[in-house]
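The next block holds one structure in the form of structure tokens; read it before the comments.
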Amino acid sequence: NLKRVTLELGGKSPCIVFADADLDNAVEFAHRGLFFHQGQCCVAASRLFVEESIYDEFVRRSVERAKKYVLGNPLTPGVSQGPQIDKEQYDKIIDLIESGKKEGAKLECGGGPWGNKGYFIQPTVFSNVTDEMRIAKEEIFGPVQQIMKFKSLDEVIKRANNTFYGLAAGVFTKDLDKAVTVSAALQAGTVWVNCYMANSVQCPFGGFKMSGNGRELGEYGLHEYTEVKTVTMKISKKNS
């Protein structure tokens, strides 16, 4: 019983912010790219690389943005974050947050449950995160932002690709040559430049490496529902 399947298996997507980027734009998109839907998003920008010269200011603004979140019933006007999907996922996120604290990441805000009822987790931001930490390697699927520092283009490309996953990525820069170079080098099925999660039904979507196989959407998505046939016919006499 051979099944043909298209698989989208999540990721640990890098988001790279260069010093020449529009900082306000980068902070906002990086924030939305992670905290959307309580962080329960397959393309979440869960490995945020920020160039060294703007790192401290980027962290400050990111923390300021995260602290503006209002938690509660997501159907209530004005609420920006609801609960996690279930207890199993809630426990996994809390465990990963605790691992970040123990492994030496700096907790900038959040870092635990919210309220006394339901599976709510405070919007959490870690700085001084290093690549070997669990929060930098494992898909958290929750409202936990990890901000890492880099010095050079070659370094950040190598670090961004050092993962089993390859679903999506983001690049923030005003330098077109840099944007093209990095986009081509990143091992990801989708790369957004100066934006994040800007999806279109015309664009194929899917992952590299352990993030899956096959594509959804666009012309490539239709190929998954078709069969290719070859017919070869021998003609006894040419007609012309």
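Cβ atoms here come from the backbone N, Cα and C positions, even for glycine.
Under the heading active site, Swiss-Prot lists E8 (among others), citing sequence analysis as support. Cβ neighbours within 10 Å of E8 (active site), excluding its own Cβ and spanning all shown chains: 18. DSSP gives E8 (active site) a strand state.
According to Swiss-Prot, the feature active site maps to C42 (among others), an assignment based on sequence analysis. For C42 (active site), the count of additional Cβ atoms within 10 Å of its Cβ stands at 18 [all protein chains shown].
Annotated N6-acetyllysine per Swiss-Prot: K106 (among others), in sequence order. K106 (N6-acetyllysine) counts 13 other C-beta atoms within 10 Å of its own C-beta, drawing on all protein chains shown. In three-state terms derived from DSSP, K106 (N6-acetyllysine) belongs to an extended strand segment.
Taken from Swiss-Prot, the feature N6-acetyllysine applies to K149 (among others), supported by similarity to another entry. Around K149 (N6-acetyllysine), the same-chain residues six or more apart in sequence whose CB sits under 8 Å from its CB are F49, V50, E51, E52, Y55, N128, listed in sequence order.
What Swiss-Prot records for K151 (among others) is N6-acetyllysine. Long-range C-beta contacts of K151 (N6-acetyllysine), restricted to its own chain and to partners at least six residues apart, with a cutoff below 8 Å, comprise E51, E52. A coil conformation is recorded for K151 (N6-acetyllysine) in the three-state DSSP classification, outside any helix or strand.
Swiss-Prot lists K174 (among others) with the feature N6-acetyllysine, giving similarity to another entry as the kind of evidence. The Cβ neighbour count for K174 (N6-acetyllysine), using a 10 Å radius over every protein chain in view, is 12.
Cα of E8 (active site) to Cα of C42 (active site): a span of 8 Å.
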